[in-house]
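Novice: Dropping a structure here in structure tokens format, bear with me for questions.
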């Protein structure tokens, strides 16, 4: 089964699937739900250290991706939740940086060229500016250690001391990254909305993405997480919901599915009812295909 333009159009739509039993199972699970993109953890996301990937697992992953038509630009690995690339304490920062480099190396071994991550938190111990500089420095160090892999910064909801919820935070990090060809952004619709950027109508989407273009630049958009929100606009709380069941609503997701600016990047569901993923993927694809018919 190969990736067909007629069947999938120009959108890479999928979900964050389980890699239980080995990362080579992830592409199989993605295709089971009708996806032509997927996200995964390449190791346990709640542990600092994982055993190295075995050669047979690497080979099986690559073979399954080739068989099912998943190219590297359709796959969005996510790093460990423990990593804080802007950590104010030297020991935690060093531990985070080493773990992030390991995550990049795992991506490289799997033939993948994107790594999605949450930027970092100042923990109210250093200034926002200092934290953003540490994050950029962490990316630069990872780039020096591992070739090719792109660091894809995920915007956040603004919960606690997490940075990355304002587009200006993302721009400030990118400004300090030396190799700008290897840094990008993953916009999470739930996080964007919770941070205060409205997405409930086509007009609101136009305004929000125009602001992203002005502050960051659409050319840095390398992926999206497609999630509705359980909480209201500007709540600064990260609570995902199934598409159409939350505060954002289907208009936003139809807008993204039909807009060519979001073609050819992973559009990844992290919605809370995995049993609905096949229907959510199908609906997004219907919107997209109707726009190019």
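Numbers run from 1 along the shown chain.
Glycine is no exception: its Cβ is also placed from the backbone N, Cα and C atoms.
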Novice: Quick one: which of 78, 169, 219 does Swiss-Prot put in the Zn(2+) 1 site with 118, 154?
Specialist: 78
Novice: Which one, 179, 188, 198, is listed by Swiss-Prot in the same Zn(2+) 2 site as 154, 225, 270?
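Specialist: Answer per Swiss-Prot: 188.
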Novice: Within 10 angstroms of the C-beta of residue 270 (Zn(2+) 2 binding site), what count of other C-beta atoms is obtained when all protein chains are considered?
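Specialist: Excluding its own Cβ, the number within 10 Å is 17.
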Novice: Want to know which binding-site residues, from 78, 118, 270, are within 10 Å of residue 240 (Zn(2+) 3 binding site) at Cα; which are they?
Specialist: 270
Novice: Would you mind reading off the Cα separation of residue 270 (Zn(2+) 2 binding site) from residue 238 (Zn(2+) 3 binding site), to the nearest angstrom?
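Specialist: Just about 12 Å between their Cα atoms.
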Novice: Three-state secondary structure of residue 191 (Zn(2+) 3 binding site) from DSSP?
Specialist: helix
Novice: Taking the centroid of the Cβ atoms of 154, 188, 225, 270 (Zn(2+) 2 site), which other same-chain residues have Cβ within 8 Å of it?
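Specialist: Neighbours within 8 Å of the Cβ centroid, excluding 154, 188, 225, 270: 116, 186, 187, 189, 190, 191, 224, 227, 268.
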Novice: Among the binding-site residues 188, 225, 238, whose Cα is within 10 A of the Cα of residue 154 (Zn(2+) 1 binding site)?
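Specialist: Hits: 188, 225.
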